Amino acid sequence: MLYHPERISVPLITPAFRSRISRRMVCSAAALAALTSSFLAPQVHAQGFFDSMAQSRISKQTVRLNTEYPAGTIIVSFGDRRLYRIEEGGQATSYPITAPAKYANWEGTLPVTMKRVNPSWRPTPSMIRKNPKLPSYVPGGHPQNPLGVRALYLGDTLYRIHGTDAPWTIGEAVSAGCIRMYNEDVKDLYSRTKIGAKVIVTRKKFQPERVAAR
């Protein structure tokens with residue numbers, strides 16, 4: 001049984017799109033997928049706008065982060081809403097994430113136990129009970145796949161670090177436990193993360209200093 005975080009209503013950017021979607025609350029990624037036929041075109045335009053806006057606001061950065069952990073360790077800070085991959089020399093690569101909503105917050109240390117390119121997605125029984133119209137399966141690589149283009153599975157839990165089909169949620173605290181990233185960021189992290197890598201999930205705030213670009 002696959003797990004998938006709940007979603008909140010989608011921010012809007014045009015009057016036409018606003019009037020259409022204001023009549024419907026998009027409460028989960030699965031619900032968003034179910035509305036593909038009605039909203040695919042405006043969603044594509046909205047995604048481009050929010051990608052540009054959010055990337056300039058909370059884009060991937062190199063920061064100073066002195067820890068006792070070796071290079072390759074991943075620290076997920078729900079307080080900062082950032083994921084830090086520890087690098088050599090007291091630095092880290094910092095990525096923006098979507099953190100869990102308050103009710104779904106958790107902490108712990110888990111290894112990466114599995115990696116998947118273009119993971120498929122299935123709704124849980126509880127999701128189907130809430131919305132019988134949900135698709136029973138979304139194949140990997142589909143533009144409406146809630147897991148995006150890559151997934152890192154944590155321990156023997158249903159928690160994952162994964163991409164997203166809703167980039168406008170990056171920087172918010174709205175998931176039900178998983179850690180969402182921009183698809184381009186999760187591809188970068190995926191390529192540099194080995195099975196067995198330690199992932200430390202915490203509410204602690206680090207707010208490290210950004211390393212100036214040269």
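Quick reminder: no glycine exception, Cβ is built from N, Cα and C everywhere.
Taken straight from TrEMBL:
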SIGNAL    1-46  signal peptide
DOMAIN    72-202  domain 'L,D-TPase catalytic'
REGION    121-141  region 'Disordered'
ACT_SITE  HIS162  active site, proton donor/acceptor
ACT_SITE  CYS178  active site, nucleophile
So how many of the residues in the domain 'L,D-TPase catalytic' (72-202) end up helix, strand or coil by DSSP? 21 helix, 48 strand, 62 coil
Give me the Cα-Cα distance between CYS178 (active site, nucleophile) and the residue listed as 'active site, proton donor/acceptor', rounded to a whole Å. 8
Taking every residue in the domain 'L,D-TPase catalytic' (72-202), the average pLDDT works out to 94
